[in-house]
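First up is the structure itself, then whatever we jot down about it.
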Amino acid sequence: MLNDTIVAISSPIGTGAIGVVRISGDHVKNIIDQALKRKKYTPKKMYYGWLYDKEGEKVDEITWVYHSQPHSYTGEDMLEIFCHGGKLITYAVLNTIIKYGARQALPGEFTKRAVLNGKMDLIKAEAVNNVITSETEISLKASFNQLKNAVSEKIKDIKNSLLNISAQIEVEMDYPDDIEFEDHDLKNKLVHIVNSMNQLLKEAENGIIAVEGVRTVIVGKPNSGKSTLLNALLRKDRAIVTDIPGTTRDTIEENLNINGIYIRLIDTAGIRYTEDTLERVGIERTINSIKNSHLILFVLDGTTPFTQEDELIYNKLNELGDKTVIIILNKSDSPNFTENNYLSLKQKNPNDFVIISAKNGAIKNLENKIYEKFFEKVNIEEPTLTNQRQKITLESSKEFVLNAINSLEKGFSNDIIMYDVRKALEKIYELSGENYTEELLDKIFSTFCVGK
């Protein structure tokens, strides 16, 4: 559908000084001619005038800029109209343009066209969305590093290396009697590619955390103060707080900013043995949330001894191994609070143990501990991958390169080695967007705002 013309409001909806309406496609010049009554104009120059409807009535007093293809964001003819801010007048401009033959753009469709027209690759397109949706300066920094094409250039280098190897093998296959390359030379080139991939993958998880947030799960036995802690961290009442164990039967998700670190916080059902069907479903969701988390906040009730339920959770968390766990002794405000029941646990985990009062909001030491655990991970200086799609696709490409090295070492024929090199290339093309499916693009751009 790239031959049609699209339009969308690109500014936030609501009262403001200026509204922005963006148009892209083959019909842009006709719209300028008919709706703006302008015959001569220069690209990249701002003009003042009126927008007219099809009956010749003035819709709004505007300024506008024309961008000629291919020197525009989408690579197509584009028109950007700057009208008076406000919901009614901005929608009036939008509807006027639609009556001149444009259609309402889909989410992310302008950027999707930019990718399809070769103005940017898929990695940069995802970075555009990340920059817009960044919640913290750290996530903005990681996203902006991608926006500057640094990651794309590294992927391009990997692609070119694979293309050169593919060409080298193909020449040898076409002229086996005349040309024969040394196996160790080919292996060294493949190993160099794997090393380049490893360099990107090494910081990938931290890049994902920086942009998408630290997936943080609050766990503990029922009535240990998990929901109170959630509310304290958010500085608002989000979860129901009662003295009845098992009140939280579903996961509650919220986002917050702790000293510049983006936290995706999940309050979960308390873990215990129960016959209650709904509560058991909640506990299953808790376990799934734990498996997918980066950080686990294990809440203990400081007014009670360390129970079998606490021990069950503690042992389960230890089995995970690679998770960051902070043990939180809660309810320090209570006259029944005592640290004595948990001294052994504190001695085993001296750097991961904090005492708080969630009820009174005395949680600064917990926030400092979270910052201490994750600041170095997310404060990334080097450009890196920033989502699971990018990471998984590059890992898949790397597996094919490793297969090619293995085939080479075992003395397999060139056509077998070539198969893996080509499959590795296919994954690199998928990563950059040179090889795509509509399903992939729809999934990526559906998360964009309309007008971008």
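Backbone N, Cα and C define each Cβ position, glycine as well.
Classification of Glu80 ((6S)-5-formyl-5,6,7,8-tetrahydrofolate binding site) by DSSP places it within a strand. The annotation (6S)-5-formyl-5,6,7,8-tetrahydrofolate binding site is assigned in Swiss-Prot to Arg22, Glu80, Lys119, Lys452 on the grounds of sequence analysis.
Residues or ranges marked as domain 'TrmE-type G' by Swiss-Prot: 213-375.
Here Swiss-Prot flags 223-228, 242-248, 267-270 as GTP binding site. For the recorded site, Lys226 (GTP binding site), the DSSP three-state label reads helix.
Under the heading K(+) binding site, Swiss-Prot lists Asn223, Thr242, Ile244, Thr247.
The annotation Mg(2+) binding site is assigned in Swiss-Prot to Ser227, Thr248. The Cβ neighbour count for Ser227 (Mg(2+) binding site), using a 10 Å radius and every protein chain shown, is 24.
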What is the biggest Cα to Cα gap, in Å, among Arg22, Glu80, Lys119, Lys452, the residues listed as binding (6S)-5-formyl-5,6,7,8-tetrahydrofolate?
-> 18
Express the predicted model's confidence over the domain 'TrmE-type G' (213-375) as a mean pLDDT, rounded to an integer.
-> 80
When the Cα-Cα distance from Asn223 (GTP binding site) is computed for each of the binding-site residues Arg22, Glu80, Lys119, Lys452, which gives the smallest value?
-> Lys452
For the recorded (6S)-5-formyl-5,6,7,8-tetrahydrofolate site formed by Arg22, Glu80, Lys119, Lys452, which further same-chain residues have Cβ atoms within 8 Å of the site's Cβ center?
-> Ser10, Ser24, Ser72, Tyr73, Thr74, Met78, Phe110, Thr111, Ala114, Gly451
So for Lys226 (GTP binding site), how many other CB atoms are inside 10 Å of its CB?
-> 30
Name, in the order they occur in the sequence, the residues of the same chain whose CB lies under 8 A from the CB of Glu80 ((6S)-5-formyl-5,6,7,8-tetrahydrofolate binding site) and which sit 6 or more residues away.
-> Ser10, Val20, Val21, Arg22, Ile23, Trp64, Val65, His67
Excluding its own, the Cβ atoms lying within 10 Å of the Cβ of Lys119 ((6S)-5-formyl-5,6,7,8-tetrahydrofolate binding site) add up to 18
